[in-house]
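Here's the structure we're looking at; comments come further down.
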């Protein structure tokens with residue numbers, strides 16, 4: 001059998017299971033209201049939590065950065081591609097989100113995936129043990145595999161199980177690794193307990209705050225600031241393409257850790273640096289995030305979250321108890337979840353269906369992703385469509401059961 005035959009059979013299997021992903025094409029800027037596939041929709045799919053992706057100040061800064069530095073960086077960070085915009089942004093990030101450390105330093109990456117690969121592969125290796133939450137992001141998992149460290153997975157957010165694993169470990173280097181806000185459930189890791197366990201067992205704690213940076217904590221400084229946590233043994237990863245509205249990611253840690261990443265992190269060394277204009281736009285984003293406008297956007301987002309929590313309980317499906325901008329609604333089967341997504345699409349609402357392997361089998365769900373750009377009218381429209389779709393689904397299941405019993 002040829003490779004193409006193998007791939008075609010694999011795609012057919014995905015179709016049979018309702019698991020093939022399809023890209024939609026956006027014709028306008030990321031916003032609450034967009035033109036997607038040539039139709040106007042209200043989008044509940046993006047991670048643009050503060051609604052900054054189309055913010056005029058960020059757009060202007062991006063254009064200004066391109067005029068000043070050009071369209072591309074021209075090389076890797078170690079071979080001519082590290083611009084003043086990159087260096088300034090790293091200093092700003094360390095000052096903004098590095099309050100957990102006495103000597104913080106930041107390192108900018110092109111993507112969150114690359115930042116997590118760097119942290120895992122450069123800080124752990126043969127002889128080290130990584131203790132990983134069962135629901136950690138795929139980029140962390142891939143980094144662990146590449147690191148060649150021993151990986152022990154503990155049940156999601158189960159600090160008692162983690163403590164038992166740490167007690168039994170004789171590894172010289174120990175890393176506890178966890179998302180902060182889990183991207184498919186919206187819950188928040190028990191960070192205070194994780195920090196305490198790390199300090200008690202001489203371990204380092206690496207956290208991925210992709211969905212918390214910009215949203216959680218005073219001025220949006222992130223999950224560690226929200227919990228008022230400090231420790232010299234923390235490595236903090238954040239992304240800049242979600243709440244910050246631009247692109248890229250960063251690692252903040254003690255200056256020695258960052259210097260080691262510069263020297264040894266392959267996903268930092270062996271790739272072209274992101275365009276300086278991107279870093280210039282992120283600097284503008286940080287000003288908005290930290291200012292009064294950022295506070296107002298976070299307050300509006302918090303109100304939207306509470307309203308959404310209430311409206312999801314009015315459906316016949318199972319909402320997940322989340323207090324973040326990620327609001328999942330578990331339906332169960334792939335086919336039923338796809339049918340619900342299509343029903344919402346018919347109302348001009350884009351709410352993505354999340355299916356295995358992203359989530360466990362039998363827990364396919366709609367993932368409502370909120371943005372400060374949404375209005376309460378948008379939520380009212382969403383509620384009406386969800387109730388209609390869930391009632392129709394329940395009626396369909398009831399009819400099928402009656403037919404089977406006949």
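Note that Cβ sites are derived from N, Cα and C of the backbone, with glycine treated the same way.
Straight from Swiss-Prot, the features:
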BINDING   21, 137, 358  substrate binding site
BINDING   112, 113, 183, 211, 239  pyridoxal 5'-phosphate binding site
MOD_RES   242  N6-(pyridoxal phosphate)lysine
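Locations of recorded Swiss-Prot features on the structure.
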{"residue": "21", "record": "substrate binding site", "contacts (Cβ under 8 Å, 6+ apart)": "none"}
{"residue": "112", "record": "pyridoxal 5'-phosphate binding site", "contacts (Cβ under 8 Å, 6+ apart)": "139, 208, 210, 237, 239, 241, 249"}
{"residue": "113", "record": "pyridoxal 5'-phosphate binding site", "contacts (Cβ under 8 Å, 6+ apart)": "139, 142"}
{"residue": "137", "record": "substrate binding site", "contacts (Cβ under 8 Å, 6+ apart)": "116, 179, 183, 208, 210"}
{"residue": "211", "record": "pyridoxal 5'-phosphate binding site", "contacts (Cβ under 8 Å, 6+ apart)": "47, 49, 179, 180, 181, 182, 183, 242, 243, 324, 325, 326"}
{"residue": "358", "record": "substrate binding site", "contacts (Cβ under 8 Å, 6+ apart)": "184"}
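Of all residue pairs in 112, 113, 183, 211, 239, the annotated binders of pyridoxal 5'-phosphate, the farthest apart have Cα atoms separated by 14 Å.
According to DSSP, residue 113 (pyridoxal 5'-phosphate binding site) is assigned to a helical segment.
Between the listed binding-site residues, namely 183, 239, the fewest other CB atoms within 10 angstroms of a CB are found at 183. For the recorded site, residue 239 (pyridoxal 5'-phosphate binding site), the DSSP three-state label reads strand. What surrounds the pyridoxal 5'-phosphate site, by Cβ distance within 8 Å of the Cβ centroid and not counting 112, 113, 183, 211, 239, is the set 47, 116, 137, 139, 208, 210, 241, 242, 249 from the same chain. According to DSSP, residue 211 (pyridoxal 5'-phosphate binding site) is assigned to coil rather than to any helix or strand. A sphere of 10 angstroms centred on the C-beta of the residue listed as 'N6-(pyridoxal phosphate)lysine' encloses 29 other C-beta atoms.
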